[in-house]
Structures are given as structure tokens and as C-alpha cells.
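Student: Below are the features listed in TrEMBL for this protein:
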type: TRANSMEM; residues: 112-130; note: transmembrane segment
type: DOMAIN; residues: 115-538; note: domain 'Major facilitator superfamily (MFS) profile'
type: TRANSMEM; residues: 150-172; note: transmembrane segment
type: TRANSMEM; residues: 208-229; note: transmembrane segment
type: TRANSMEM; residues: 241-262; note: transmembrane segment
type: TRANSMEM; residues: 268-290; note: transmembrane segment
type: TRANSMEM; residues: 352-376; note: transmembrane segment
type: TRANSMEM; residues: 388-405; note: transmembrane segment
type: TRANSMEM; residues: 417-438; note: transmembrane segment
type: TRANSMEM; residues: 444-472; note: transmembrane segment
type: TRANSMEM; residues: 484-504; note: transmembrane segment
type: TRANSMEM; residues: 516-535; note: transmembrane segment
Amino acid sequence: MMQAAAIVAKGSVVAASELQSHQRRVSAGLGAFRGRSLGPNSMRMPESGFCCGRSPFGSSLSLGVEMARVRTGVVGIFRSREKARWVRVQASSDDLEDVPPEKLQAKSSGTVLPYVGVACLGAILFGYHLGVVNGALEYLSTDLGITENAVLKGWVVSSLLAGATFGSFIGGALADKFGRTRTFQLDAIPLVVGAFLSATSQSVRTMIIGRILAGIGIGISSAIVPLYISEISPTEIRGALGSVNQLFICIGILLALVAGLPLAGNPLWWRTMFGIAIVPSVLLALGMAISPESPRWLFQQAKLSQAETAIKKLYGKEKVAEVMHDLKAGGQGSTEPDATWFDLFNKRYRKVVSVGAALFLFQQLAGINAVVYYSTSVFRSVGIASDVAASALVGASNVFGTAIASSLMDKQGRKSLLITSFTGMATSMLLLALSFTWKVLAPYSGILAVLGTVLYVLSFSLGAGPVPALLLPEIFASRIRAKAVALSLGMHWISNFVIGLYFLSVVNKFGISRVYLGFAAVCFLAVLYISGNVVETKGRSLEEIERALNPAI
């Protein structure tokens, strides 16, 4: 997920494996599928070419989704072959009703945007808590008497990461047990308490406890914000709405920078900076009280009437039959118990889950922390002495790239953006490394370093930052989605913590130029991995993706 997190000395990674559709049509909205059923021989698919293990189609689909073998051995199709076809769907009253295709594809009269906006309060808090300590650290260190204690100052910063690691792991379990909206409301508790303790702390111990609690809150948010958005978003705009999550993280960081402006005139302003975070936390809890639960989670819990109510609120009553039909078409999750943590590692899901972890590992090892950490000194080398100006330039590049990615996500697709992103990052890293080592470039080293930094951040924000948090909820099956997203994000926070701990030691031993060359190599490896393993999920409903990537029971 975590594009903007990386801009505050955090990072994130990307990858998964590509589905190539042959002669398929995805219906508008949340897609209803129509077709004629095939014989048993038609259901046999090649076992190679998937990121998630063996052939995903093990049994007939009740709605007759047609599939054909692709010569490359990657994956087959979802296409409709009869225009005038009636589909039978089960209503909540357990009566069967015939719904014509025109009704199934009725235009939605609802809107998901207000509820996406409420969820994005969690993304704002994510960015704000990551960024708020940057400007406030010097002042709170003086106030709490730890100015000369680098270890305690480090704990004030890194304790948030420790809490976030724990929060990201429990977020999935909470979302599965209590639902998405209730988990958001529970998440507001550590966010509010953590912000309050940080703002009122009179000792470094209280400050660290507050930071840990706030970290738990943003760790949970990092897991459930993209999960909730992906599950309530219509197929045709799911990519754009998923990218909005990253944009709001950037906004949260920007708000933290703006909140620090009065510090120069009022050294005690740092307390207000931490206290400000209470407001969006409370608004998040109140907003989720009136937001609909994820219809997919309700359906999986066999709460069909509640699922229909949520669909009506999100998309309008005319879309209820279509969406319920879609959920039933991929409804094997409703017949299975909730997945356990051990289920993530069985043969059925092992490979796709490993892809999710690899996404964030590549993202971290690609060097975003290094670029951000050295950006100030790089800009100073060409006469930009202001830390604020350096941060603003990096932040502006990040926001600009995220906005572009949001507009392209549903047009260009996730995979192409990832390849473009990591290619640009690799090129930028080479440029940065050469600007430090080639004597012939010495007269231009400052300009090249600034250009490389801005190009790297812009490239990162186009794909490596926003795509993983969007892609993972799409490729994970419904019964493992929450826990698998939580596990992947847990890997993000762990690798983030370890890299932050040892990065400076590696730089001191090998030099920044060699480290940058290593980052460039990682980016090129990521391009190769993505090319061979990433699935393209653009334009496909979550149920269709699940049927393609996971064997039927």
C-alpha cells in the first residue's frame, strides 16, 4: 500500500502474476456473467502460468461461464455468448425469480463516494501520524528532556512502526470477525487514545506508549482501508478509487507538514500537532456508524438480507439482483468456514499469498527510504538549503505521480503501471549513482542528483507506491482476503523496521553510490518478476478474479 508512507522514510513493494483473458467480456458495474455451460472436458486448464498454484478451474460454474484454453498456458476467459438470456437468482426470501439481462445491467442510482471518503479518513491518519513527528521531534525532545539522548529519540520515532506491525496483523482478524465498518470503529480507540497520550505526555515513556497505540491504529488502517474500498467499489472504477487511498495518505503527510508551521513561533505547538489527530479519528468512528458494511463480507457470513440492504445503499435498489447474482456466482466462500492463518500457507493459497509478501519486499528493497533520507543533503548540494523546500519538492512529486496513477489505473492496468514504475525507479537510481561517482559528470552532479531524486519519487508514485494495496485485495480469495492482506502488510512493516535499523550501517560500509546501484538492480529484478508473475485485474470483478486464481472446491 504504502506509497506516501515511504515518503516519510517508509516504503512498499510490488508484484503478482498476469491473467491474460481470451475472448472475455466483463459486464459494467459489478458485472453479471452470462453464458452457456460447457462439458467437463472444457473445464481442464493448464497448470502453468499462474502465480497461485495449480489450475484454478476445478468445477462447473453454475451460471455457465465459458472458458477456453490459451496457447501461452496462462489463463482463460469469461465471456457472454448469448444476448437474450434469463438468469435465475436467489432472493433473500429464498424464492427464485427470473431477472432479464437488461435488469441485471441497470444503471446504478447509488454512490459509493461518500463511504470511500469516510474510509479515507483512515488513510489521512496513516499519513499524518507518519509525518507529524518529523517537524515536532526537536521541540518535543527539548520539552521532555531527551535532546541529548539519540536512543530515546529513535524510540519516539520507531515505536510507531512497532505498533503498526502489530496492528496490521490483527487488522485482518478483526475485519473477518466483526466486519469492516465495526473494525474501523474499534480502530478509532487506539487512534484517539494514542493521539491524546502523545499530546499530553509529560514523560518520554508516556510519549512512546502513545506512539505505539497510534501505530496500532494506523497498522489496522493500513489493512482495512484498501480492503473496504476494494470490496465496495464498482468494477469499472475500482482502480481509481483504490488509488485515492494513496492520495489521502499523501494529504495526511502534507497536513502534518502544514501543522508544523507555527512551531518556530511557539515551541509548545507540538502538543497541538499530536492532538489534532483526534478529530479525524472521531469523525472516522462516527462516519462508519452510518456507512454500509461490505456486501461481500455480509454474504460470506450468510447475512443475505443485510447484504441486499448494503447493496441498495451503495448502488441503488435496481442493482441488488445483479450484485447478489455476482456474489452467488463466486459464492464458494459462503459454504466454507473463515480461513485460519494456517490456511494461507496450504497448497491452494500458498503461491498467491507469497506474491503478496513479495510485492512489499520489492517495494522496500527498491530504495525509497534512502532517496527520502538523502533528499535534503542532495538538494543542499545545488543550493537549495531549505528543508521545507526539499520536502515540498519531494512531496509534490509524490502527490502529482499519485494523481496520474489514479487516472490511469483503470485504463492502463495495474501490471503496466508497475513495470513502468520500477523501470523508471531503476533508471533514476542509476542516474543518482553515476552523479556521485563519474568525474565527467561532476560539473552537473547536483542537477543530476536532484533530477534523479524527483524522477525516482515520481516513478515510485506511479506504481510501486499505490498498486500493491489495490492489487492484493483483488487477487486474494474472499475467505482469505482480510488475513492475507494483513499478512502482506505485516511483512511491509517488518521489512520497513529492519531496513530502517540497518540502512545507515550498510551505507557507512559500502558507500551510498554502491547502495544506489544495488537498489537499481532490485528494481530491474522487480520488473522481471512482475513481467512473469503479475496478474492483470483491470476491468474484472472480484468474484471473476477469484474464480480465475483459485481452484473451485
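Just so it is clear, glycine is given a Cβ too, placed from its N, Cα and C backbone atoms.
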Student: Examine the transmembrane segment (268-290) against the transmembrane segment (417-438) and state whether at least 3 Cβ pairs sit under 8 A, considering only residue pairs 6 or more apart.
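Tutor: No, these stretches are not in contact.
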Student: Which stretch, 112-130, 241-262, 417-438, 484-504, tops the Cβ pairs under 8 Å count with the transmembrane segment (516-535)?
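Tutor: By the under-8 Å Cβ criterion, the transmembrane segment (516-535) pairs most with 417-438.
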Student: Would you call the transmembrane segment (208-229) and the transmembrane segment (112-130) in contact, using three or more Cβ pairs under 8 Å, pairs 6 or more apart in sequence?
Tutor: yes
Student: Could you name the stretch, out of 150-172, 352-376, 417-438, 444-472, 484-504, with the greatest number of CB pairs under 8 A to the transmembrane segment (241-262)?
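Tutor: The stretch with the most contacts is 444-472.
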Student: Using Cβ atoms and a strict cutoff of less than 8 Å, what residues sit near the transmembrane segment (484-504) while being 6 or more residues removed from its termini?
Tutor: 1-2, 5, 9-13, 158, 161-162, 164-165, 168-173, 175, 219, 222-223, 226-227, 341, 344, 349, 352-353, 356-357, 359-361, 363-365, 369-370, 373, 468, 472-473, 476
